[in-house]
């Protein structure tokens with residue numbers, strides 16, 4: 001079952017609720033969609049019974065999202081389904097339209113009432129509305145999708161289901177990820193059938209890491225601007241809509257830094273490898289005399305291993321995760337409030353007592369997590385604590401789908417940033433440079449590009465990445 | 001808070017789920033609607049917390065409904081809210097549009113995707129769409145409502161909220177009920193202030209019985225075809241849209257027979273009184289030599305008391321309700337299946353042992369409830385059991401909002417109906433005639449009509465009632 | 001499955017939680033008990049799954065109770081199971097031991113730690129402990145039960161399960177009810193097999209009303225002091241332990257007045273009939289000039305019908321129950337607090353406008369329910385409202401298992417009682433006399449006793465009833 | 001609040017349910033215990049409300065456990081509370097009595113009915129019962145505890161609460177862990193007050209790792225056989241009950257290998273350090289020519305780092321944990337069943353493609369986890385996969401509180417064990433030797449022992465560890 005973004009990191013999510021939904025089709029009648037959606041974690045939304053009701057079906061699309069304003073937002077829950085003159089369509093969307101307000105006004109001026117504030121409904125009604133309207137008997141969905149792509153440049157990865165077809169679409173800038181996997185026939189699971197061109201079906205996902213767990217293997221990415229038509233046994237490129245002349249592609253660089261799972265593959269490279277290279281680059285940019293390198297478990301571990309290797313320092317664990325932490329009901333006194341972080345980690349003090357420690361973190365957003373960790377390490381015997389951050393400071397809001405704290409909350413925009421080491425209690429603190437990050441990301445892509453044949457369509461257009469949250473340089477002009 | 005249909009009977013509901021919703025407005029900005037909806041009983045949908053979130057607000061509309069296809073239908077849950085060029089509107093609807101399919105096609109042909117199968121969304125999008133569209137600055141909602149009423153004749157009682165106004169609308173045939181109540185100032189609750197024209201606000205409801213429990217008193221009915229504009233301190237008739245020339249009004253007669261709570265008032269009369277008159281009329285039409293009159297608790301009690309009084313027979317209780325019956329998990333043997341009805345009632349056998357019993361029931365739909373009751377009474381010592389039904393047999397489907405079993409399930413359409421007494425095990429069984437029912441309902445209305453001044457607008461047009469489920473005589477031509 | 005007290009009235013219960021439990025045995029090994037217990041309503045405690053786990057089994061005992069101190073009391077939940085040297089026993093208990101504190105001290109002095117505050121554990125440990133202890137191989141359970149009955153006179157109805165036997169025991173005073181039913185073979189359900197002496201098994205219950213709903217019929221009461229041994233096909237009296245010389249029996253008279261379901265049978269008479277006689281007696285003791293007699297639905301209806309019949313006044317309904325009342329979350333203003341009772345009832349004002357009304361209530365405990373009802377009736381047009389109470393005033397606490405409000409809360413012990421009519425706003429108020437109640441209860445028992453043969457063991461000993469809560473006259477001396 | 005075993009590993013737990021309970025005392029009256037227990041995870045059992053009800057209180061004991069037979073076992077949930085002649089006592093127990101059956105029979109012969117199958121009730125009733133019984137006025141709890149320790153040698157760590165005192169007791173063999181922590185005054189949290197002898201109170205726990213998260217610091221272990229009396233401000237050794245002449249102590253060696261959290265301290269050493277030494281020892285015992293060393297995340301990481309360091313091979317991550325795995329509802333085909341392990345881990349294939357990999361695991365119990373991991377690595381490109389296990393094979397059942405699979409399920413007792421590498425698909429597989437494990441554990445203890453003064457009571461008696469599950473050599477003779 002094709003699905004979009006079943007995996008999500010959670011650091012930028014501010015206390016949000018998750019919702020989830022699946023729509024399936026038996027592939028015969030566009031009226032026969034089966035829908036199940038709900039608020040909360042996937043495991044709460046879907047029971048064995050609710051999944052059974054989605055069968056039998058040959059295809060389907062699913063979605064998970066973080067809603068930020070509570071339980072009454074169920075109607076914002078995706079996929080969004082509407083009935084049109086030409087049957088039902090279901091739409092799952094990852095991203096955020098930069099000109100949504102403009103498009104909403106346009107639709108409402110035509111007399112369409114909008115029942116949610118979600119871009120998904122907006123996209124769905126735009127697909128239903130797109131003039132000139134055909135007669136009752138036929139609908140040219142590809143023309144409608146291309147029209148939509150003309151009306152809004154970014155950002156969106158889309159799955160659109162109609163009858164027995166799913167259209168997978170990525171915006172011309174390729175801002176949000178989308179890739180295709182191939183379900184491996186059972187007999188081929190033992191490695192023999194790797195060359196076999198047969199498949200049991202196709203899956204689409206934001207991240208390739210989800211393929212393994214459902215018995216699929218990575219097939220390829222959907223390219224920026226590409227419209228892919230997926231039917232039971234066939235994957236076919238219908239068109240590639242190009243971005244404005246001269247614009248480079250703009251895949252979100254923060255997927256590499258933070259959001260994606262380390263085993264996911266984007267643009268031909270494993271996220272883990274990029275993160276390790278960021279650590280190595282950081283060792284070049286900001287070395288430090290110390291006894292050991294460690295990490296805040298566990299997302300910064302690849303960068304820490306890269307840093308340690310490049311520096312020739314031992315990699316040592318200083319904290320262990322306390323997996324049993326749950327909600328904290330009562331905090332009867334100051335002591336517990338002081339020790340919030342001590343509930344999340346155990347301290348392996350014998351490993352670093354009397355030593356100079358370098359801690360690699362993947363990002364510092366507000367600064368209120370690293371500070372008590374440093375204090376904890378010092379109290380447990382660390383002689384020095386140096387912080388190295390494997391990404392540049394975040395300074396600007398994202399209008400393309402990532403939930404970033406307000407400008408005021410970001411530590412990089414606050415006065416304390418000028419004396420950050422002192423503020424967080426470290427002996428020193430250095431961030432990776434933007435150039436260092438970009439080269440860690442692009443280095444191996446460029447190498448492969450240089451070695452690829454001219455006919456390789458994957459490398460069409462100018463290579464680029466969206467670094468807007470770091471530089472304020474947005475890929476498209478923002479409209480309000 | 002105006003509300004629509006907070007009360008519902010449950011006999012014709014086939015295993016359905018209930019949903020509920022409330023939308024409130026602070027009366028200032030049309031963007032500031034607060035919405036809470038959910039599946040399940042009102043008490044499950046609304047917690048103290050969710051209600052608090054609906055405040056502060058000056059006005060609001062609510063809705064409860066029975067969905068028939070399960071949990072994924074939350075999006076069908078009312079009130080329906082959409083954003084239009086002129087702000088948000090919220091719509092609550094009771095009834096069923098007889099030309100819904102036609103109207104859906106019309107909207108979709110204009111490029112509007114419909115996200116639910118509910119008439120409420122249809123009505124809301126029709127209100128948003130209605131051409132000719134005004135410019136961005138103004139919207140004539142009354143013109144839009146009147147246009148809607150031209151497009152669909154029945155059946156609907158509507159509450160439409162926009163900014164600080166609620167429009168209460170009843171279809172030209174008056175098929176579904178709707179009435180207005182007045183919130184009584186606290187100081188006036190002790191009866192002194194009855195003549196006081198002051199009010200603390202207005203409420204609208206399908207049934208007047210809900211007023212008492214929220215400290216309001218009955219004010220008046222919304223008339224068939226009337227558009228009432230309700231603001232904080234004012235109730236004002238904007239227009240009365242007339243039905244087709246010569247058509248009588250068509251208020252659902254089954255509200256009197258079955259659905260409404262006995263303390264509700266329709267057309268100037270208490271439902272309890274109509275039911276008692278039905279019992280008296282039944283005694284005239286179908287007397288029987290017996291020792292006592294009783295009822296299947298508890299909806300047929302007024303008819304039973306009326307029958308007993310007219311016949312001069314004593315009214316005696318023969319069954320008591322078992323309030324502790326819950327779900328039946330397992331039925332390990334035949335014995336329990338035979339005794340399903342014995343789980344719902346206790347038998348007061350000493351009250352009727354050796355006696356000839358007349359049981360008054362309010363309706364016999366499928367015949368599978370009365371049959372085991374008769375058997376139970378006989379086994380417990382009744383000498384004779386005669387059944388008298390205080391309404392005529394149901395024979396036809398309802399397309400105006402009442403969930404009636406299929407034609408095939410209705411006992412009146414089955415071969416067993418020809419020898420019904422034998423089939424259900426009674427000594428005799430007689431239904432009230434359609435004429436008897438109609439006269440029981442209309443008798444006192446006509447009396448008041450004859451005595452009212454010519455200027456009384458309540459009596460405009462030809463008096464009639466919808467008896468379609470009994471006679472097949474639908475108030476409007478059905479379109480598909 | 002024998003069960004004890006599956007039915008309960010709820011008026012004296014003060015905000016309590018209900019718990020429920022079932023223990024079953026396959027009848028072969030005393031180790032093989034299957035237990036399921038939980039807090040909350042039966043339907044929440046028992047799911048289809050939890051019931052399945054109790055099978056296969058040939059016998060079992062169940063229990064429901066109202067706990068008064070919250071969720072942590074699950075361990076007080078019955079039936080209580082302990083392992084003894086002679087296998088497991090399970091005990092279900094209805095009642096309250098008047099000398100519990102004394103017995104607890106005795107057991108603890110012998111080194112038995114008590115893990116709950118419940119009489120059921122106390123009874124179970126007393127049965128396990130009873131000296132002289134037999135050797136490892138045999139246990140004389142009947143001797144142990146008789147020893148228990150010597151140690152504590154009242155009040156208890158007990159079910160004790162061991163291997164394939166259930167002992168049903170009622171205390172010598174017969175204070176709490178207990179009766180035996182016979183499961184009717186399927187083929188005999190149509191009335192033919194009434195004389196058939198065959199049975200499919202036996203059930204025991206506090207109230208006979210529960211038999212019908214499980215396909216059983218009333219067989220007989222367990223007599224005061226009787227020990228009945230029940231096995232799969234046999235019911236056998238093992239002994240009848242007599243009360244102190246000269247003491248009359250002391251069945252709780254409030255079961256007739258209030259607790260029991262009207263279709264239950266105690267001492268050979270239907271509860272409904274007793275209540276109707278109370279109404280007739282009340283008409284003799286306290287007639288009133290009025291236009292109609294009515295009731296507060298629905299427990300006082302038999303008394304109201306009896307009163308109306310004796311007086312020759314019409315019986316008319318003035319209130320209807322609002323079945324849709326749930327928890328009240330918020331009461332945003334005075335208006336709703338004033339109208340609490342209006343949420344529970346609808347008013348059938350056309351039935352009594354301008355009339356003099358007699359309302360029959362079954363009891364007035366605190367006086368805070370009847371007062372707003374009277375106000376409601378007057379506001380809706382009643383000319384006079386007279387209250388007649390079909391039981392005497394409650395003045396004393398119960399130490400035998402009934403949860404009565406504290407002495408201070410009882411209206412009969414408060415100064416307002418001296419001018420009660422004025423306090424509750426009635427034109428007059430009269431209670432039934434204690435003598436009137438006792439004669440209404442005993443009249444038909446005495447008649448049957450006079451007509452029964454000398455050998456009828458049911459009538460052994462002096463007839464009496466516990467009227468302690470009305471008169472302060474307790475059946476046994478209270479020990480602390 | 002002192003607590004026992006709030007942390008637990010979960011590998012040997014077979015599908016079990018967790019329960020949790022807390023009992024608090026206000027320290028004044030032994031009747032005033034407040035109890036909250038429940039089935040399920042701590043976070044489900046304890047809400048903010050239920051915790052509030054446990055306050056105000058000065059002391060308390062808590063417990064978490066894995067029940068193995070389902071929901072009806074709530075009564076087995078600890079702490080166990082009973083009322084005795086001398087007030088209530090509450091008992092929390094970690095361990096398993098080797099002579100429980102014998103002790104149960106003894107109690108039952110004295111007429112005590114046992115309501116659960118738990119050792120905790122047994123211990124509690126033994127404490128209540130212990131003869132000779134004192135008179136009503138005094139109770140010598142220490143004598144009772146010592147008597148209990150005479151009756152049963154192992155295994156138990158106990159917390160016994162009575163009025164304002166908690167007794168912390170460890171069995172003479174010290175089989176289960178127990179240690180004491182000191183609550184640090186708020187002002188001293190910044191490291192200044194380390195020498196401060198003041199404390200805000202004491203906590204007791206199975207594992208020291210829990211101290212940090214509640215603002216306490218490690219104080220000392222309870223010694224084998226020690227009875228410690230803890231009051232608000234005082235910790236006092238009452239007695240040390242010695243084991244049989246010549247018997248060595250027998251702390252469970254599997255706490256080091258598997259159960260304990262790596263940051264816990266036992267016998268003066270950090271668990272993490274022992275595990276790292278096991279990895280180093282394993283490198284000495286079973287080196288292998290390879291390209292990299294890795295781990296199955298994340299419990300074997302310290303051993304893997306130790307192994308890599310000793311061998312001079314790079315430590316590299318090959319798998320990442322999939323944190324989003326939930327319940328698997330449906331497995332519609334073979335493919336998913338084959339890929340169970342692929343749902344738990346992501347594969348970092350670029351890190352090991354074409355390389356020879358050594359995987360360090362902490363234990364192989366049944367062999368059904370490591371086998372698909374090896375397959376996964378090979379399919380993703382590993383050239384060789386060698387398994388090194390940082391503990392010896394488990395061969396024998398544990399009767400002292402650890403839930404080990406049956407002998408038949410243990411891979412070390414199955415025929416496949418003789419050709420294990422082939423069975424699990426590895427190129428080679430070697431376990432750590434028993435001697436290697438014991439020396440990794442005892443090495444640093446012995447060093448400290450040799451350097452400690454003769455008066456150090458921590459080192460009294462012969463040093464030993466329970467290796468029964470590895471060698472069959474049980475510390476005490478087993479009784480049935």
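Cβ atoms are placed via backbone N, Cα and C, with glycine included.
Listed by TrEMBL as binding [4Fe-4S] cluster are A:398, A:466, A:469; the candidate from A:252, A:278, A:311, A:320 that the record includes in that site is A:252. The Mg(2+) site recorded in TrEMBL comprises A:361, A:362 together with one of A:294, A:299, A:380, A:428, namely A:299. Remark: residue A:466 ([4Fe-4S] cluster binding site) has A:173, A:175, A:250, A:251, A:252, A:253, A:400, A:474, A:475 as non-local neighbours, by Cβ distance under 8 Å and separation of at least 6 in sequence. Taking the centre of the Cβ atoms of A:299, A:361, A:362 as the Mg(2+) site, the nearby residues of that chain (Cβ within 8 Å, site residues left out) are A:258, A:295, A:296, A:300, A:303, A:360, A:363, A:389, A:390. Set side by side, the binding-site residues A:252, A:469 differ in how many other CB atoms lie within 10 angstroms of their CB, and the most is found at A:252.
Residue A:361 (Mg(2+) binding site) sits 18 Å from residue A:469 ([4Fe-4S] cluster binding site), counting Cα to Cα. Excluding A:252, A:398, A:466, A:469, which define the [4Fe-4S] cluster site, the same chain contributes A:175, A:253, A:254, A:400, A:402, A:467, A:468 within 8 Å (Cβ to the Cβ centroid), listed in sequence order. The separation of residue A:362 (Mg(2+) binding site) from residue A:398 ([4Fe-4S] cluster binding site), Cα to Cα, is 18 Å.
A Cα-Cα distance of 20 Å separates residue A:299 (Mg(2+) binding site) from residue A:469 ([4Fe-4S] cluster binding site). For residue A:299 (Mg(2+) binding site), other Cβ atoms within 10 Å of its Cβ number 20. Under DSSP, residue A:252 ([4Fe-4S] cluster binding site) is assigned to a strand (E or B) in the three-state scheme.
Cα separation, residue A:362 (Mg(2+) binding site) to residue A:469 ([4Fe-4S] cluster binding site), rounded: 15 Å. In the three-state DSSP reading, residue A:466 ([4Fe-4S] cluster binding site) counts as strand.
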